[in-house]
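S.K.: Quick one: structure below, then a few questions.
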Amino acid sequence: MTKRPGHAHSTSEPILMQTFDAANVDKEYQFYDEEAARVSQKIDEELKRDWVRRKDAQRRQVKVMLLGQAESGKSTLQKQFQLYYAQHALDHERPLWRPVVYFNILKAVRMILDELDHELNNLSIDDSLEGQAVAHSLAPLGDLSEEFSGLRTKLVPLVAMEDSLASELSGGVAVTGGRTGVYVRAGWQALVTPLSPNRSRALPGTGGLSPAVAQVTSLASRTLISVQNEVDELWKHPAVRILLNNRRIRLDESAPFFLDSIKRVAQPDYLPSTADLLNVRLQTLGVAEHSFDIELCGSRYNWLMYDVGGARGQRHAWVPYFDDATAIIFLAPISAFDQYLEEDPRTNRVDDSLQLFTAICSNKLLKNSHLVLMLNKTDLLRKKLEAGVKVRKYITSYGDRPNTYADVSEYFRAHFIQVHRRHDISRRALYVHFTSMLDIRATQDIIVNVGEAIIRSHIAKTGLA
């Protein structure tokens, strides 16, 4: 049979058409719908459980802000909390504080040498009663210029390291106004700790310093060891003691502690003690968060503590943390009645604390926050009063009241309580404590009482059982 041109015949098997079974398809779709519903329900249940977990965790989260001016003791209180609730973390950080201790000593030595030069060069032209009294006390010591010139020459290598040590610790953070010092942001410990090979995070469990910081720390240590006798001689020199007693030399509050301990610190295997960690001075910029787990009545609460920079130029950074703060712990250093703000030399530090406390009491964002007031640095207040420093010389409203610790401390307490009564917008209770952050036992007793009071207040507000 001939094939028609233009047409091709397939050699494949004939195609068998399957019949369409609608009922079977409906069953399959029904299976998939039921399976999808089960998966969706499972996801919804998991999301609900996760929401409940997060809600419960949030309800057990206690957010506490440490507020107060610079050098009021906020960071020391934070370390006291860490010492009580998370000592293992503080122990891990000990090596990281070694260069900071060295910096505190270097700065103190430099300040003494600078003030000595100024005082000895200007004493002859100071005709004030105080100046004449100091000159009279120094006269039996004779000409001191050659002696101190020799000491300065030996101490120059140590003092010269101050800026490089500060720069490495600060991690490039600069402060306007030309002020020198160590100014660090939150998480500075990670910046001075060696990084993992991918350079993204600190090596866990090393407790060591980054190469750059380690190098300058090692040099500072060796230099300090070599001149420890000269540092000790300078610190104990009768002329320095006279100028300190007459308040012609003013050092950071931590300086006497470390200079008294120079022989202990100037050891090759030196590791900061707990007392060193509490006395060391380090100024934090911005807001630093610290977390502790606290057990109370069989339940665990996550305590988030925010340590803030207290200088005037940094106080704007506090506001974003106000909204849901569980509690405010306000620190006012009442020993600072004879000091003035670094940012504003016309403002007395106690007056500034009162103004700041007024702003805290009247802030609407904080109206539901538990309020604790710590009148801090009572140990330094006692020392100043015992040394004969008169409060009325710096705070004229003190008048002729007795210059005793009992009267002075009660005077300041009354003023802060009056501010609270006049300006607190929610009429909440105010819990007042006299504190010395360097007294570990007394401070930790207060920490326990304050912590429990804050958590019980939090439980009452959130309905936690």
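Placed from the backbone N, Cα and C atoms, the Cβ positions cover glycine too.
Quick paste from TrEMBL:
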- LEU278, ASN279, VAL280, ARG281, LEU282, GLN283, THR284, ASN376, LYS377, THR378, ASP379: GTP binding site (BINDING)
- THR284: Mg(2+) binding site (BINDING)
S.K.: Grab the GTP binding residues from the record (LEU278, ASN279, VAL280, ARG281, LEU282, GLN283, THR284, ASN376, LYS377, THR378, ASP379) and give me their largest CA-CA distance in Å.
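M.R.: 24 Å is the greatest Cα spacing among the residues binding GTP.
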S.K.: Starting from the Cβ of LYS377 (GTP binding site), draw a 10 Å sphere and report how many other Cβ atoms land inside it.
M.R.: 26
S.K.: Among the binding-site residues LEU278, VAL280, LEU282, which residue has the fewest other Cβ atoms within 10 Å of its own Cβ?
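M.R.: Least crowded of the binding-site residues LEU278, VAL280, LEU282, by Cβ count within 10 Å, is LEU282.
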